[in-house]
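Comments concern the structure below.
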Amino acid sequence: MTVVIGFEGSANKIGVGIIRDGEVLSNPRRTYITPPGQGFMPSDTARHHRAVILTVLKEALEQAGLKPADIDCVAYTKGPGMGAPLVTVALVARTVAQLWGKPLLGVNHCIGHIEMGRLITKANNPTVLYVSGGNTQVIAYSERRYRIFGETIDIAVGNCLDRFARVIKISNDPSPGYNIEQMAKKGSKYVELPYTVKGMDVSFSGILSYIEEAAHKMLSSDQCTAEDLCFSLQETVFSMLVEITERAMAHCGSQEVLIVGGVGCNLRLQEMMGVMCKERGAKLFATDERFCIDNGAMIAQAGWEMFKSGQVTELEDSWITQRYRTDEVEVTWRD
């Protein structure tokens, strides 16, 4: 049996998870939450991670009922993500690996999401929609790489939602995206917003600029409610995502869709994707907030797959990188 511990801290979540041969033994995490109207700065986020990471590590070991001697490999997020938080987590992972005398593995954050999604849902060879605060990509596996078929050409969908939440001062607790989702359920009037799909790619900066400028005018003149704007923004951006996912499915001849990433736990996105899949006779796979939102177990799972296929990261190569594309990684663990 192979046991891998995974450290994740590429954005405002810090998590440590332990996986033993496909079984999640523990997966505690903490979230750095800022006041309404504010985002999270890299230095402040890293300070938060430094303050709690050892507590989370202790929790992970206690919940799993394991000692350091039981761990076979230490995995950490190499990138992509925010520089200062990534460095914090890499430092702890590196130190722990040396203290415990265990091999180290730098994991691509995006591949962590994909492998966790595949493990939990048992999807075989899905077209993957990866949607989060930092990334928006449509991905499919081909010839030892996760190939990117379409992506955002500017900002990520989660970033678009988060920044809109700041404009109308929606709470960041538990997350701006979750609060937009709840408000959108009460919206009834659809406000037309820019819809930008360019072939296989999407753009969210235009829709954000438009709604940032229009929001206060429309709200102050009672043209619509904040709930209507949340509803309209969700419907528009999710329609764009469903369109490019369907196009990738047609290209790949795929009959499975897997949604991963923090935005992936949005039930309205899952519902819209489900309608498209039903029309195509395809199956939709998604996970809940335990595994959609950044967590340590997903890094442990990708690390487990990499470790079993013979990969390790030497200490001198255990740096981090803020830019690390999904298709840069050779997938040695799949046929």
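For all residues, glycine too, the Cβ spot is worked out from N, Cα and C.
Lifted from TrEMBL, the feature list:
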- 29-300: domain 'Gcp-like' (DOMAIN)
- His109, His113, Tyr130, Asp294: divalent metal cation binding site (BINDING)
- Tyr130, Val131, Ser132, Gly133, Gly134, Asp162, Gly177, Glu181, Asn266: substrate binding site (BINDING)
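Listed binding-site residues: Gly134, Gly177. The one with the lowest count of other Cβ atoms within 10 Å of its Cβ is Gly134. Tyr130 (divalent metal cation binding site) has a Cβ environment of 26 other Cβ atoms inside 10 Å. Here the Cα atom of Gly134 (substrate binding site) is found 11 Å from that of His109 (divalent metal cation binding site). Reported as a whole number, the C-alpha separation between His113 (divalent metal cation binding site) and Ser132 (substrate binding site) equals 10 Å. Fewest other C-beta atoms within 10 angstroms, among the binding-site residues His109, His113, are seen around His109. Note: the CA-CA distance between His109 (divalent metal cation binding site) and Gly177 (substrate binding site) rounds to 20 Å. Across the fold, the C-alpha of Tyr130 (divalent metal cation binding site) and the C-alpha of Asn266 (substrate binding site) stand 13 Å from each other. Residues belonging to the domain 'Gcp-like' (29-300) score a mean pLDDT of 97 in the model. When the binding-site residues Ser132, Gly177, Asn266 are compared by Cα distance to Asp294 (divalent metal cation binding site), the shortest distance belongs to Ser132.
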